[in-house]
């Protein structure tokens, strides 16, 4: 090859090229960002709409359905789901992957703007955000103080600290939990309002209109101007009580005569506890296009500044730092690369028996690795788990070409050629075969890079990285290796006594020679009994497929990153104080376990699901320091919590939610329109699901009904009395739910909400509501508005209403979710699928599988497409290499033979068939053909030189045995660290290495025997067809 000749002729130029690759690689590494996974643009959009005090049914009809109808008309929409809960509508719109999230968000804003403009006054404007289903708080910080009370601490954090954190580059939002900020509370007394003949709406209008500062123009004084403003802002909180709300008989009625005005704190809506102690905390979420590690690093810098500002007796502690697990995962994968490289080089040294040959061969690794970094930086990739995993799997591949080239050069040297000639001729002889093997790897991984779906987006960087790495390693093998072999050759001194290590290498070489003799006999035996050989191979393959039935399936293995998230609920009408007490009980029990380091619990966190929802994060001792697995601890905690009455544990699982998006792996949607019928179906189906082995934490999205008080307005009577429905609603809603009617600003410029509400003792009974009075639009003889009791125009009915209404694709649904324990998710999914097939649904109702099983089915389809394309591309490369349509088939017979080892290895390592093991199988298709290519290439070349086919097969087999065993051993040893699954998150990638190691070992053993036999059959077939063709044409 011309570049090999140039490299040998100009050694300094070759060294400079390699040096350049390494320098550029180091420079690129410094510039690349570090992430756990590739940055994927999720085309999801979420729409939040607040409707304070409204029931789920009202939220659904007034907000959710109207918005859904508009969003559903947008092109590119894939799926739309929604949740309507008390006072909140949340809609998630998922678009096709070819739609960018920015475009999707803009389309949604434009579509809903027209309908939201016609919403009722009390419905807030919808908030549209890009949504990342894997987004969770990247940091949680807890604040405590020895000298501040809860209100002072909350107010200080809200006004002094959160604004600083919001300025951090990459921070999307900062949420305060467990807080009780300062609030001016105005608690009206309905009896006093009635006695003075004042309506609640008068109080609301007074607060909004009297606490103002209005600019009123300017005064011109010669060459200067003076701004005039009407200043009627309330100076201090208690002065709100001096506002005049009405005049009766010439006497002013002050606010303090009909309401209690207090400088107090807002009612707590959430809670935070660290190790059982109440605290105030903040959750920090990153923006969708930011880097987790960079945001965390920037946040720590601000926190260091904040620590210097904190008042005496106030402390902060970071309790959640997502970057730690990311850094740990990256470091662990990088360590497996180093360990794999060292083991691979040791194998090369063992086989070649020469330190100099090992250096020549081993230099390919650092040059190829660093050179690859240059190109993946140019592609805009980051250092993440997928790119590092690709490099880790490539260790054996990167040194493979160098081994083959160096071994062949050494063989030519031993044949008596000088070092330069041996370098050129040895590389030339093996060059086309090495080129073909490299192109087969590229042919395999390019389809992986372009798989469909979100999973394809994750594996894009994986496939491209592998392709780049093997191309660079081939280039280094064709340039640096021949040059060093020609100009840095070993000198043999026959008179020098061999050292102990050299004697060991000689002994190992003798064992390989003995193995070679044995292999020659075995190969002759296989060629003699060809049919028996093929029959044994086929039987082994059928046995492997039978064994595959015993291997479980799942989407992605759950990694053990040292943390567990426990979710539980108290009764739907539970108060915050009740839920806090239960959380403290749970924390106390969990902290008794010796493997627990800390607990951090939050009530009614950012999801705003209600005061009865709790999420508890449990930090464990590092995995290497405990005997119990994550699943063991999940089961133990689950059992311990059964002793606590008044709670329903909904989930005990890994706190790592990158892949799941915080959802359970088992998700079954039951769709229909009638909630009662849906609940009846879900109850029956859940009863049957609970019988399936491995199902835990079974729950339904339709929670316990919440007591609902329904007020029906007599529209005709209300109209006669001068009232409208909206007027009634605008009075009742703020009195019960509370309404921030205005704000108050202190002398430091800090702003606080002024909240109007009925006092607690006046909003506890249904009769309290009907005793309210509303100002009519009609007046009495004195010109005063008539007060109408609410009981006059409304009737009251107590019912049980849904606490949450879910919808999917414009239809109501109940979503059944469950975790798994002790069995793979895919196996459980198959049992659920059988249950669905045998379950009779009423007309108009249907099942829809979601979650991990749906993701697994989609990914399997994409992987099957990638495998099919890979096989086609491999055949194209081999056909071009051998200039034959038939001989490539002999090489491709090694593909199914590799499955024997795959299934055996997965079974022995107790791994599952999952996304990573499937990628390992795809990778195998490129690896196992490499050995077959080298073998068949030598057979064909020997036959072209006139050697008998039988002798050519024996000669090629004995010549290629050593390099085949060497490359196979290097590949296996390079993957051993990955297969062991040590380090944080190692459980996810280990099945990939298991599949590759098992497949490489068995395919190598069978390739050495079975492929030559199949070659003879195909060669006979080719000769037969040529004889028939000659007969026809003669």
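Even glycines carry a Cβ here, placed using N, Cα and C.
These features come from TrEMBL:
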type: TRANSMEM; residues: 12-29; note: transmembrane segment
type: TRANSMEM; residues: 333-352; note: transmembrane segment
type: TRANSMEM; residues: 359-379; note: transmembrane segment
type: TRANSMEM; residues: 385-405; note: transmembrane segment
type: TRANSMEM; residues: 430-452; note: transmembrane segment
type: TRANSMEM; residues: 458-480; note: transmembrane segment
type: TRANSMEM; residues: 527-547; note: transmembrane segment
type: TRANSMEM; residues: 860-878; note: transmembrane segment
type: TRANSMEM; residues: 890-909; note: transmembrane segment
type: TRANSMEM; residues: 915-939; note: transmembrane segment
type: TRANSMEM; residues: 959-980; note: transmembrane segment
type: TRANSMEM; residues: 992-1018; note: transmembrane segment
Would the transmembrane segment (333-352) count as touching the transmembrane segment (992-1018), if touching means at least three Cβ pairs under 8 Å and pairs must be 6 or more apart in sequence? no
Same-chain residues at least 6 beyond the ends of the transmembrane segment (359-379) whose Cβ lies under 8 Å from its Cβ atoms: 18, 21-22, 24-29, 31-32, 337, 341, 344-345, 348, 352, 387, 391, 394-395, 398-399, 401-403, 406, 461, 464-465, 468-469, 472-473, 476-477, 480-481, 484-485, 488
So, does the transmembrane segment (860-878) come close enough to the transmembrane segment (430-452) to give 3+ Cβ pairs below 8 Å, pairs being at least 6 apart in sequence? yes
Out of 890-909, 915-939, 959-980, 992-1018, which stretch has the largest tally of CB pairs under 8 angstroms to the transmembrane segment (860-878)? 915-939
For the transmembrane segment (890-909) and the transmembrane segment (992-1018), does the number of C-beta pairs under 8 Å, pairs 6 or more apart in sequence, reach 3 or more? yes
Do at least three CB pairs under 8 A connect the transmembrane segment (959-980) and the transmembrane segment (12-29), leaving out pairs fewer than 6 apart in sequence? no
Should anything in the same chain at least six residues away from the transmembrane segment (992-1018) have a Cβ under 8 Å from its Cβ atoms, list it; otherwise answer none. 389, 393, 519, 522-523, 526-527, 530, 533-534, 537, 540, 886-887, 889-891, 893-894, 897-906, 908-909, 911, 916-917, 919-921, 923-924, 927-928, 931-932, 935-936, 939, 949, 953, 956-957, 961, 964-965, 968, 971-972, 975-976, 978-979
